[in-house]
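A.B. asks: Please find one structure pasted underneath; my questions will follow.
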């Protein structure tokens, strides 16, 4: 009886009470479904403010347009970068279960502070009654600004913890030692992006309308209520969650292996400092085939170093510089895996740089066009609804039509590999930038022909033309974000999975930052050869935005070639295990 219970345990996993997780009681799609519902509420709370925050800062806190834009950019970038901290803490010290609850409480506190400030006139800047643009309104003072930034960055800290813990918590519910478990996990990441879009749809429509028409205290209030509601929804799944036991700092292991390799390579001339008799193998090591507690563990050679990144093999030696730098074969091979996925991560930054245009130039383009659909006038700030709707339509189609068809054609378990999926997203981003350039050329042609080049009147062209680039970029986001999460989680060592998954959010953050750097660089270079930079001034009709989009298209194409180089060289851990 006891032997049967031992076989029924998930090795390395516990339930919410820190007792061993059982195979017949914990994990599975039902447990992951709670995570998907929670993500809808969490992303609603985050994007409800982020999508319209620039208006609140400029109109009610009286920051300048450029200062407001910088505050929002820094806030968004910080929130996504902090996902790395969330992933690190999940792997090293806390379970994903506890970290989510802690992070949600922190985000709730931040939103509560912002709600109180928006509700209390004495905590905001004085109302500016002047209609003149030349008279500066009184900017928010230091005490009120401190309250504003405390609220904002508590939200950013909470969002970072949630983004770093919630996706891996959902992915941990599946048994990746079985084909069915791996397929379900792939579907989970697909529907995770779908859930992101559901939350975003409510945020950029319903909540933005509330903020514009009922007041920001109500908008912040809805976001606060959403994140508060996510906590009991998450707790409802507690009896069936399984959670990975933290295995200590993965970053410490990485630094130890790298330092040991450098030190031992410097001493390599000494013949006594030979590698510990470990044979190198062209195929990857296989030490934990049953890493998630499969009932029948397969015994495989654990003392085998691979030929990839041979420089690191010297970290395993009989005599080390210090006992603290003594490394195992398993640690060395895990570090190799992480180093091999970093080039793939770097290649996704350019895609996210393209996505950044959706919340900047694309909205400004639409603002110059006819935004009416029949008698309904659509605010440009609600334009993100297009990629959101596209993702919501494409995600189920991809999961239930494209993938099953690909499995039949390729006769493989996944149908479309992770790297093929990421590559598809990169191709779609290239097409999106080409379409954006063509649409901008058409928009400027209409402006010239209608004599409205220097006018603020809406151009006689529908803003639905802009929806084309949203279609391609929304599809690219679905393919790449879900593909990245699945790829990083699957390929990363078990002890580093949360940290690796958080790289998806870091890529998004770096894409936004790179967009700002690219625009500044383009303006600096073009100002040398022209009196006016490509992207300067108050009138978008005088911009050379189409040239910028063509430049983005070229850079994305070069980035795709760079990606192909690394993708063709990459060998999946699952394939290596089969070897």
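All residue numbers here begin at 1 and follow the chain in the order shown.
Positions of Cβ are set from backbone N, Cα and C atoms, glycine also.
Look at TrEMBL and you will find 30-57, 69-89, 95-116, 189-210, 216-236, 337-361, 381-401, 422-439, 459-482, 503-528, 548-566 tagged as transmembrane segment. As annotated by TrEMBL, region 'Disordered' applies to 277-297.
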A.B. asks: Against the transmembrane segment (459-482), which of these stretches has the most C-beta pairs under 8 Å: 30-57, 69-89, 337-361, 503-528, 548-566?
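C.D. replies: By Cβ pairs under 8 Å, 337-361 leads among 30-57, 69-89, 337-361, 503-528, 548-566.
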A.B. asks: Between 69-89, 189-210, 337-361, 503-528, who has the most Cβ pairs under 8 Å to the transmembrane segment (30-57)?
C.D. replies: 189-210
A.B. asks: Which one, 69-89, 189-210, 216-236, has the most C-beta pairs under 8 Å toward the transmembrane segment (381-401)?
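C.D. replies: Comparing 69-89, 189-210, 216-236 against the transmembrane segment (381-401), the winner is 189-210.
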A.B. asks: Cβ under 8 Å, sequence separation of at least 6 from the ends of the transmembrane segment (189-210): give me the contacting residues as numbers and ranges.
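C.D. replies: Same-chain residues near the transmembrane segment (189-210) but 6 or more away: 35-37, 39-48, 51-52, 167, 170-171, 218-219, 222-223, 379, 381-382, 384-385, 388-389, 391-392, 395-396, 398-399, 477-478, 481-483, 485-486, 489.
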